[in-house]
């Protein structure tokens, strides 16, 4: 019996598989986190429910029948009953979900766009840019959010903005008010990164600022952005619900989970017609919990210091 | 004598210490305090000294990764610290650096091929089509394989990462490379490979090195001339043979006596230095070394010894040399 010599020359070894990119590793770690995967599944189901669900409904959003269908309890035709105008609650719930999720997503996207850009500029250029941007951030953080939102809501009502368009203003307001957290995080991250030797290397190589920021610094801040954004979506959904519940966010007839719960304001609806307010409440709860589970999972998966 | 490539003239680099409510400047860390030397074309100059003596700071100030406090760095006849940002960017193609830590010197999210090639592209030195071929050629020169092109840094060992770092510097076709302790983070067996790679490259590409190290045996292998630093100042500088045969400064003697010799029967006189290296924020008066020097006397505490040529380009700063 003879032993074959193992190939020692590096060039004879065939490269195995795809390169094991940091993203691939993160995905693998995420899928090993059971709670996070459950959260993701719930969120997917929720999104399908809101986006695809309405197509299967035999009813129409604008269809109402106060005479015959007012305040029906859940039954075979209307699974979640009807409201005081005789509208199908299930259909309204699904369409409300579209609005609530969309507001959450777009508001967060706006926050990130503003926050990440300003944070990166502050962290990279430091000195003057840093001082100005971070002082503006301080001002925004010092603003009491709720009164401002209420005032904005009142202004929108006063200007008689159509309910359809109010949604967009709401996204913008929530987004603009929320950029500071992400700006601070991105700035902090970039301040640490720029002291690393690989950033000194980019300086020694004479790379342009553009490449340094977008190719070297930003990709390293994406994990933190993803995590904050995920948790931010949950926060924005809650904020939207709260405002809509108070009647200054999304206003009827456009449904949102928040303004659907408003029916719990009336004692009769609260005691006798729980099908009006329990389902949207549950939807908010489930969605926010699912998003938070995903956010935690992403944090664990993307943080290289938490290697398991 | 051959042509001078780099001249460091009375270079000083102080880092301010700030304190108090208003972040007033309360003092300076004198990391590099009045250092002068020259490096000729094709030469490798070794810079040795303890941790914290300012070796790396010199390397980085020469490349203008740090701004100087005083003095001049003249490279190919141009004062590096007087160039505009855009001129400096152009100059960067001529002078490169290999870093000490092969782990933090590579961006974890950038593939090796891009990390090596991006600077060429950014400087417009190569067309996009030819880039990959150039990178692979450089990878192979540095002892790596072509399929490493698409790998991420975390898939490599320390020695391989250091080769990547060398390839990244080399692809620019520099005249001058600062090697900032390129082997001190590596295993001894790997150290030899990297040193051999560096010396092969020097021969093939007529490179000039500033080789920073705290390991005299490494410097002995690679360098033509050696400068010894203590607490931000140059205490002795001579050609390698002269320095090893005839060290004049007591600090150099102590360092040389600390080189391990692979012969357990050999009895040697070990000069063991007492105490710690003093703070560069508040260096001792007179000769900075007097607090630890076995020969120290009164004059050492009072007068700063002149850094003088004792013949044959052997420079030393000691009252007794």
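Positions of Cβ are set from backbone N, Cα and C atoms, glycine also.
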Revision key, fill the gap. Students should find that the transmembrane segment stretch in TrEMBL, chosen from A:194-216, A:217-239, is A:217-239
Exercise for review: Quick one: sort out which of A:76-95, A:136-155 is the transmembrane segment according to TrEMBL.
Suggested key: A:136-155
Review point. Which one of these stretches, A:13-34, A:35-56, shows up in TrEMBL as transmembrane segment?
Key: A:35-56
Check your understanding: Taking residues 6+ outside the transmembrane segment (A:167-186), which of them lie with a CB under 8 Å of any CB in it?
Key -> 99, 102-103, 106-112, 114-116, 118-120, 122-123, 133-134, 137, 140-141, 143, 145, 148-149, 152, 156, 161, 221, 224-225, 228-229, 232, 235-236, 239-240, 243, 249-250, 254
Check your understanding: Thinking of Cβ pairs under 8 Å, which stretch from A:35-56, A:99-124, A:136-155, A:275-298 has the most of them with the transmembrane segment (A:217-239)?
Key -> A:99-124
Check your understanding: Are there three or more C-beta pairs under 8 angstroms joining the transmembrane segment (A:136-155) and the transmembrane segment (A:35-56), sequence spacing 6 or more?
Key -> no
